[in-house]
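Enquirer: What Swiss-Prot records for this protein is below:
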| type | residues | note |
| --- | --- | --- |
| DOMAIN | 3-178 | domain 'EngA-type G 1' |
| BINDING | 9-16, 57-61, 130-133 | GTP 1 binding site |
| DOMAIN | 190-363 | domain 'EngA-type G 2' |
| BINDING | 196-203, 243-247, 308-311 | GTP 2 binding site |
| DOMAIN | 364-448 | domain 'KH-like' |
Amino acid sequence: MLPKIALVGRPNVGKSTLFNRLIRKNRAITHDRPGVTRDRMEGLVQSIGHPSFILIDTGGVILDSHYSTINIIDELHGFEKDIFQQVQLAIEESQAICLIVNARDGLLPFDEHLALFLRKTGKPILLAVNKVDGIEKEDQIVAEFHILGLPMIAVSAEHGHNIRQLENELSLLLPNNENIKDQSTAQAALKLAIIGRPNAGKSSIINAIIGKNKLIVSNIAGTTRDSIDIPFIFNKTQYLFVDTAGIRRRTKITDPVERFSVNASIKSATKANITLYVIDATEGITAQDKRLLDLLDTRKIPFILLINKTDLIAKKQKTLLSKSFKEELQFCPHIPILMVSAVTSSGLDQIIAMAEQVYLECSTRINTGVLNRAMEEIITRHQPPVVRRIRPKFFYLTQAETSPPTFVFFVNDAEKISETYVRYLERSLRKIFNLHHAPIRIRLRSSHKKRNQ
């Protein structure tokens, strides 16, 4: 595993902007308002000539100087306590720490308080004085931070000032025995996006599977705002969870930060190998859920439906509930539906296994000769309907793509093939080649010649 460095600081010092700058992606949500980052987010930092490492962006902790450095966690409440626990976990996992302060604000009591707290960890610390852009007498402004007694660098996350030097300084904090390791394994990890309406239990499911409280869990809708990548190992295999913000109806989103989160959620689903769509069993499938599930199905995005919080449903009702979900989702009958509970861990062991199965189906490549023998069998069993006294002719079948499997039928006149018959072709291919849950595309192409075998 690659070494980790945690970005730590009070709210609105520019941690997320610096995180985005270092990983060279617009992953963390940034906004000129304290407290936008709530969960910790991880990203890969790679630069020529320097060891690669994982950077952790953490939420800002709002503390006053009267808090003790020993019993901070006991003196906090609500979100402040949850966020600080995430910061502590990030620090524990990291080999080094980057403390971020705001040059525009100057040295504040909490900066000193936090520096003292971080020193007690015994881990290497680099002080990054951010937002130095446009400040006259930069050296004089930065000088006051020397009192913290930490190695320091002045940067501007927004304008990229001294970012390369920062990368170099951060890499020097890492132990030599944990330096560069091939990242191909991580890149090849199966990526699972997890989306759904707010408070459906997405973060709870992730926490239950990986066995760590990586994400803040709350009964307040909208707790998770960023799309967060979480690498983990399950049965000696590496995976990557992408936990995204809950999706609400766009007309109800007035907060610009939350609107950004919705866009990020949909984007994450298109980039992942498999998407997990979480629904609260006590609320059922809403009209918004149906629209989004239909969108995933239309775009041929492989997904699994997770019905969470089944521990709140009576045993006799679970069978009826599963049946009702299947009836409501007749427009995508191939989608697997798993009844799970993050609280009791019921059904969670099925999620990874099903994701692997769907991914394997999506990667299926079938020989052209095998496909054409299957096509002959399919058409012999049920020929296409006659249109204007002429029965459409099928010449041959080929597979154009994988992920999702895309099959192209060459026929004499594609316009004469009905949608009903296309659905028959899809059902038949699924049955013959065991493509039970993967989305597949069926394309018809007009041709006047039968390909030479």
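Glycine is treated like the rest: Cβ placed from N, Cα and C.
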Enquirer: May I ask which of the binding-site residues G196, K202, T310 is closest to K15 (GTP 1 binding site) if we compare their C-alpha atoms?
Expert: K202
Enquirer: Based on Cα distances to T58 (GTP 1 binding site), point out the closest of the binding-site residues G196, N199, K202, T310.
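Expert: With Cα distances computed to T58 (GTP 1 binding site), the winner among G196, N199, K202, T310 is K202.
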Enquirer: Pick out which of the binding-site residues N199, T310 has the most other Cβ atoms within 10 Å of its own Cβ.
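Expert: Counting Cβ neighbours within 10 Å, the top one is T310.
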Enquirer: By CA distance, which of the binding-site residues (G9, N12, V61, V132) lies nearest to T310 (GTP 2 binding site)?
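Expert: Nearest in space to T310 (GTP 2 binding site), counting only the binding-site residues, is V61.
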Enquirer: Count up the helix, strand and coil residues in the domain 'KH-like' (364-448) according to DSSP, in that order.
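Expert: Looking at the domain 'KH-like' (364-448) with DSSP, the answer is 32 helix, 22 strand, 31 coil.
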Enquirer: Which of the binding-site residues G9, V61, V132 has its Cα nearest to the Cα of K202 (GTP 2 binding site)?
Expert: V61
Enquirer: Please work out which residue of V61, V132 has the most C-beta neighbours within 10 angstroms of its C-beta, and give that one of the binding-site residues.
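Expert: Highest number of other Cβ atoms within 10 Å: V61.
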